[in-house]
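Asker: What TrEMBL shows for this protein is this:
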- 57-173: domain 'Ribose-phosphate pyrophosphokinase N-terminal' (DOMAIN)
- 90, 91, 92, 149, 150: ATP binding site (BINDING)
- 183, 223: Mg(2+) binding site (BINDING)
- 247: active site (ACT_SITE)
- 249, 273, 277, 278, 279, 280, 281: D-ribose 5-phosphate binding site (BINDING)
């Protein structure tokens, strides 16, 4: 498996899942950020081939986010399945699985962020290899679902690429899909297989309460389309008041803030969105909120795409902080920024994987 030169410095989420993650009262104290200890802690040995074959599930990773896959494996106390995902000289993807997966419940961790086409092809080819190796069930764990913003026809003679990608994942052999905060809820309907859409709101709300719980909070949606998401977060924050930034987008990648619906004077504002790409919307919204008298502005976004000069834009903005998750592996620019912080969603994904494997409820995670 390809190596990653630098792992992102993600902070453990204070959110703990009850009750399946509860550790026994007599369990030894471990300096580990997740409810479970790592599978191969210091002094532990690698499992034998027989032990590997007897494990109830297999966890495989492509190259798009190895650190997240390793963190999920640690949470589940499982080793990553020995897999090679490499390139030929002409950049064609080659996959080889070095363990028996016949009759196994296999989970493939592979977000399809930039480079989206390369990461998507890796996922499709891994699925095909598993299907041909007679895996019992293949779950595509796609924390960030690329092409999700192309979920409708913006004009004549244009594609609905999100539907095409859903078809490709299904045809490649996936029996189920697990994602986090899909850009649009209707994308679940694009798949003809079961699709679980997890929400990062519990992870974010726990972090907000731990860091900013004593402040006069107000949740802010950066646009009208995100009101439902903002309202759900506000409900978790003791029904914090809600404001909306009304903006007009002049051209792709740019936005102009028009006015704010709601009184933010003296409030500590929490901007909430699913994807931060160019960061123009968030930075303009932060400037408008500060001009309207907000005490401070922190943005929480599930997927830190952060294309081009987005990180530099955040560093120079009125934002106090931008908090993302490791659904996409943070870049060096993100790691070096003093204003960008990453929370891990490994426990959230690990718990969902455990419940899918055990055939228990996933939706109860968010009750």
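Every residue, even glycine, has its Cβ placed from backbone N, Cα and C.
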Asker: Helix, strand or coil at residue 273 (D-ribose 5-phosphate binding site), per DSSP?
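Answerer: Its secondary structure by DSSP: strand.
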Asker: For a quick check of packing: other C-beta atoms within 10 Å of the C-beta of residue 277 (D-ribose 5-phosphate binding site), how many?
Answerer: 18
Asker: Between the Cα atoms of residue 90 (ATP binding site) and residue 279 (D-ribose 5-phosphate binding site), find the distance and write it as a whole number of Å.
Answerer: 35
Asker: Measuring Cα to Cα across 90, 91, 92, 149, 150, which the record gives as the ATP binders, how far apart are the two most distant ones in Å?
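Answerer: Across 90, 91, 92, 149, 150, the widest Cα separation comes out at 30 Å.
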Asker: Which ones, of the recorded positions 149, 150, 223, 247, have a Cα no more than 10 Å from the Cα of residue 281 (D-ribose 5-phosphate binding site)?
Answerer: 223, 247
Asker: Can you count the other CB atoms that lie within 10 A of the CB of residue 90 (ATP binding site)?
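Answerer: Summing over all protein chains shown, residue 90 (ATP binding site) has 5 other Cβ atoms within 10 Å.
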Asker: Would you mind reading off the Cα separation of residue 183 (Mg(2+) binding site) from residue 149 (ATP binding site), to the nearest angstrom?
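Answerer: If we compare the Cα positions of residue 183 (Mg(2+) binding site) and residue 149 (ATP binding site), the gap is 6 Å.
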Asker: How many Å separate the Cα atoms of residue 92 (ATP binding site) and residue 277 (D-ribose 5-phosphate binding site)?
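Answerer: About 28 Å separate the Cα atoms of these two residues.
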